[in-house]
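As recorded in TrEMBL, the features of this protein are as follows:
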type: ACT_SITE; residues: B:TYR137; note: active site, proton donor/acceptor
type: ACT_SITE; residues: B:LYS165; note: active site, schiff-base intermediate with substrate
type: BINDING; residues: B:THR49; note: pyruvate binding site
4 protein chains.
Amino acid sequence: MNRIPFEGVIAYPITPFDDQDRVDLPLFRSLLERLVISGANGIAPLGSTGVLPYLRREEEEALTEATLQQVDGRLPVLVGVSHLTTADTIYHARFAEKAGAAAVMILPMSYWKLSDEEIFRHYESVAQAINIPIMAYNNPATSGLDMSPALLRRLLGIDNVTMIKESSGDIHRMHLLQQMLGDDAALYNGSNPMALAAFAAGARGWCTAAPNLVPEQNNALYQAIRQNDLARAQASFTQQAGLLRFMVAKGLPRVVQAGLELRGIPSGGLRKPLLPLSADEKNTLQELLKACS
Amino acid sequence: MNRIPFEGVIAYPITPFDDQDRVDLPLFRSLLERLVISGANGIAPLGSTGVLPYLRREEEEALTEATLQQVDGRLPVLVGVSHLTTADTIYHARFAEKAGAAAVMILPMSYWKLSDEEIFRHYESVAQAINIPIMAYNNPATSGLDMSPALLRRLLGIDNVTMIKESSGDIHRMHLLQQMLGDDAALYNGSNPMALAAFAAGARGWCTAAPNLVPEQNNALYQAIRQNDLARAQASFTQQAGLLRFMVAKGLPRVVQAGLELRGIPSGGLRKPLLPLSADEKNTLQELLKACS
Amino acid sequence: MNRIPFEGVIAYPITPFDDQDRVDLPLFRSLLERLVISGANGIAPLGSTGVLPYLRREEEEALTEATLQQVDGRLPVLVGVSHLTTADTIYHARFAEKAGAAAVMILPMSYWKLSDEEIFRHYESVAQAINIPIMAYNNPATSGLDMSPALLRRLLGIDNVTMIKESSGDIHRMHLLQQMLGDDAALYNGSNPMALAAFAAGARGWCTAAPNLVPEQNNALYQAIRQNDLARAQASFTQQAGLLRFMVAKGLPRVVQAGLELRGIPSGGLRKPLLPLSADEKNTLQELLKACS
Amino acid sequence: MNRIPFEGVIAYPITPFDDQDRVDLPLFRSLLERLVISGANGIAPLGSTGVLPYLRREEEEALTEATLQQVDGRLPVLVGVSHLTTADTIYHARFAEKAGAAAVMILPMSYWKLSDEEIFRHYESVAQAINIPIMAYNNPATSGLDMSPALLRRLLGIDNVTMIKESSGDIHRMHLLQQMLGDDAALYNGSNPMALAAFAAGARGWCTAAPNLVPEQNNALYQAIRQNDLARAQASFTQQAGLLRFMVAKGLPRVVQAGLELRGIPSGGLRKPLLPLSADEKNTLQELLKACS
């Protein structure tokens with residue numbers, strides 16, 4: 001098993017719905033194909049961008065299988081399997097492994113605030129049930145739980161928890177993790193507006209929905225970092241920063257869906273309660289897309 | 001339709017699980033019966049206390065039906081039907097109505113932060129699909145969304161949204177709502193440690209899991225308020241405040257489960273990732289229960 | 001020494017300035033006289049309302065002496081002596097004692113966040129330098145420091161620290177202090193919009209600038225509480241709550257100054273950078289004052 | 001007038017006190033001289049590090065004059081003149097200009113939360129009274145006021161407000177300011193643990209007390225940035241990050257005082273309520289200093 005199969009730009013597809021509120025699998029595959037050939041270094045279905053929490057079990061399974069078939073080994077695939085109960089998380093982690101995922105990503109979804117012990121046991125139980133690596137994901141804004149650096153370090157003690165994705169949006173946290181975990185740490189940044197700062201801090205990858213809209217710019221930022229060219233990275237980031245902020249402010253699936261539409265690419269519909277961007281918001285998005293090119 | 005069927009102490013049952021992680025329906029009914037005869041003024045299954053988000057569809061349906069059968073008209077029943085998608089919320093709201101619920105409670109569950117418009121449309125869609133009243137529920141800590149007083153007022157403009165439950169735990173919010181909504185407002189407090197202050201501010205009811213453990217004390221507080229006896233209400237609250245704080249700090253289902261066990265009442269198990277209280281926590285709980293009697 | 005000389009409504013005068021930015025002592029005395037005969041139970045010059053931090057040493061001394069002379073024993077006087085350095089705090093505490101203050105109020109002003117040990121030593125040093133009681137004052141919003149209930153309890157171990165004023169605006173804090181400190185605790189509420197909830201929680205007094213504008217209403221709330229009449233207290237509070245919120249939102253000295261002006265009472269000017277309320281704000285204030293009567 | 005006289009590392013001296021709590025001017029000058037020859041690009045007395053708010057008027061004047069005499073034109077000097085009242089701020093800004101300061105730094109000290117209009121008028125009044133540039137300083141943690149990017153942009157419309165120092169510690173804020181203000185913006189970072197991220201975001205300078213202890217490391221970070229060598233900047237930052245975090249956590253004057261002492265350099269005493277670091281804290285600091293070398 002490749003313990004750390006990801007680096008660079010890890011692209012998150014949206015999940016498109018048809019008029020009857022059903023997942024549109026053919027459209028999903030065509031949107032996915034755009035990401036695969038965009039220059040991204042990895043593919044991550046069923047994340048926040050893919051509205052995982054809004055899906056039913058059979059939909060998740062169909063999307064997992066469709067992704068692995070479509071990608072067909074061209075890039076490593078990171079499948080989101082976060083669920084509220086430990087049992088459901090294990091179920092979907094096993095499904096993803098069987099389907100061929102390189103790793104699974106797990107956010108400790110909370111309704112009740114979980115204790116550190118509860119979170120640890122949750123990861124441990126899932127880890128024991130599969131043989132592929134796990135990316136532990138910290139995102140207080142969507143999960144309602146903020147995993148401390150100390151807890152994340154403890155999670156890395158579980159054999160196949162090998163990667164950490166940080167989306168708290170706090171650069172101090174990223175620095176602290178980098179320092180606590182050392183050079184071996186496989187840290188990934190999930191906060192789009194912090195893309196430059198996180199790379200500067202040493203993040204190994206950037207988990208992002210932006211390649212659905214501006215893949216060249218996203219890749220250019222990563223290439224500048226790889227080439228140790230801070231000035232170029234700064235210029236690249238400045239160009240796309242407005243869009244990255246807007247994506248987070250308005251919600252990734254909503255902005256990606258509208259952005260694809262503005263570019264003339266069929267993007268399907270959203271599942272309610274999510275609503276399309278308003279006309280004003282679409283105008284703003286249009287301007288921000290122009291600023292990137 | 002009784003537009004405002006609730007007042008006073010509204011009691012929340014837990015959902016017990018057996019060794020196989022299955023909902024233990026007979027035990028649920030026996031725990032429910034304790035609440036029905038405890039002096040509470042209403043019963044609310046499938047709330048946070050009942051770990052609604054951790055349940056599968058068929059489990060929710062079984063619990064809803066079991067509740068209505070067991071209560072059998074002795075008290076009004078408020079069924080929690082909060083789901084992430086609008087479609088699922090409608091499905092369960094209709095089910096609850098058919099089963100005989102007096103009203104449904106809806107928390108705007110978020111994964112993506114919803115806009116005010118998205119929240120409004122969500123409630124409106126559910127309201128149009130049923131003919132019983134809705135209690136809109138604001139609980140930023142568990143839902144990740146904080147509905148402003150202005151949005152709550154807008155929701156009350158939907159015909160069968162008639163009640164508001166506030167669990168932000170901020171007394172200023174309760175005062176402001178009371179003032180904005182006037183005497184007609186049916187405001188309910190869902191923050192246990194704010195029980196006295198919310199009643200003093202004019203709340204019509206107290207949504208609480210505490211009657212699973214100390215129903216006499218909970219009822220006594222409400223009776224003192226009804227009799228306009230602040231000094232007695234204060235004394236009653238002071239007696240139970242430690243327990244109420246502990247329940248919130250450690251999680252309602254975990255504390256109720258442990259508290260029943262301490263009292264020698266079969267309480268079943270929790271669904272993972274939730275874990276039982278530690279030995280130390282149980283000792284603390286034991287002391288807090290003693291302080292109430 | 002009367003260790004707990006205050007209860008009920010403790011009124012805070014503003015400090016008026018003349019055209020030359022000098023303290024207008026005659027006007028101060030006339031505004032102070034209004035408070036003394038308003039029915040308040042205590043007088044507290046040189047608080048936030050009196051813009052203590054904006055004053056020079058000689059101005060503080062003049063205001064302290066003017067207050068004690070004008071009140072002339074009719075009510076107990078609580079002089080604010082909060083300063084950034086321990087040496088300055090001691091200097092002014094001694095001055096207040098000599099002038100005849102019943103007690104001094106001390107907020108642990110911070111620029112650098114002080115440790116608990118630094119705060120404790122600060123109070124201890126002042127306490128040892130005087131023979132009148134000290135009211136320890138917690139107000140995170142103005143001081144930048146939030147003293148925990150544990151620290152406040154430790155402060156009460158200093159012989160002449162006998163009273164606590166809480167202005168964090170969090171009702172849970174008030175309940176917790178009440179419980180930790182027991183019946184002997186002399187707790188005062190400094191958050192105007194929490195006046196009802198704090199009295200309901202057992203606060204002994206209400207530190208407020210509101211009697212400059214609506215003393216009858218403030219006194220009526222306290223009388224209802226003393227008579228254990230919650231319904232009347234609630235009605236009284238509801239009447240004045242809009243004004244109390246506005247006073248906090250716009251700043252006590254600015255609102256009192258404008259409110260006196262609206263009532264045709266000479267109120268002097270503010271010291272810059274403070275600016276008078278805008279015309280719109282004055283209109284709102286006018287409405288809120290009407291609502292109180 | 002040089003409108004933007006600062007770039008790179010701007011070093012902040014502490015203010016040492018003698019046994020009698022008097023400013024020790026000879027010691028101040030000797031500590032200052034260490035900074036001048038340390039390779040720093042500018043000197044900034046009477047900042048937070050210099051405990052400006054704890055000083056008396058005559059002490060401020062003496063420190064201002066001593067600084068300008070000692071530096072003697074070798075580096076540009078930025079004098080802190082932040083005061084609660086507009087009148088006092090003007091007084092000290094004029095004093096600094098007369099003494100030869102290249103610019104003054106102004107934090108909008110609040111006791112009462114100031115409105116945007118009050119803050120704007122405050123800066124405008126000071127700006128009109130002097131002929132040297134002003135660095136507007138945003139530091140919510142110490143001032144209690146958070147100036148929005150929109151307000152900062154408005155302040156830059158005042159003729160001699162030409163520089164902005166940001167210490168909110170939020171990298172998103174730095175990026176947003178950079179984007180809103182464009183290439184002309186003279187942005188300085190005042191958050192030590194954000195030194196790398198802020199330079200990566202385009203900050204022109206780093207306002208820091210760290211050169212009192214580890215000037216070579218601070219300068220090395222800046223040189224790596226100037227040479228567009230991100231990898232070296234990252235390595236340099238990682239080496240000193242632990243110390244930088246500790247300095248902020250424990251308070252700049254306390255840590256600098258203890259660190260000088262540990263290095264065998266006379267550092268004087270602190271003014272109460274500030275207390276020296278504890279023995280444990282000194283041990284930690286010793287380790288952190290070692291890690292830098």
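Just so it is clear, glycine is given a Cβ too, placed from its N, Cα and C backbone atoms.
Any TrEMBL annotation is an automated prediction that lacks curation.
Computed from a predicted structure; not experimentally measured.
The two recorded residues, B:LYS165 (active site, schiff-base intermediate with substrate) and the residue listed as 'active site, proton donor/acceptor', show a Cα separation of 5 Å. Classification of B:THR49 (pyruvate binding site) by DSSP places it in coil, neither helical nor stranded. The two recorded residues, B:TYR137 (active site, proton donor/acceptor) and B:THR49 (pyruvate binding site), show a Cα separation of 14 Å.
Following the DSSP three-state reduction, the secondary structure of the residue listed as 'active site, proton donor/acceptor' is strand. Every protein chain considered, the tally of other Cβ atoms within 10 Å of the Cβ of B:LYS165 (active site, schiff-base intermediate with substrate) stands at 27. According to DSSP, B:LYS165 (active site, schiff-base intermediate with substrate) is assigned to a strand segment.
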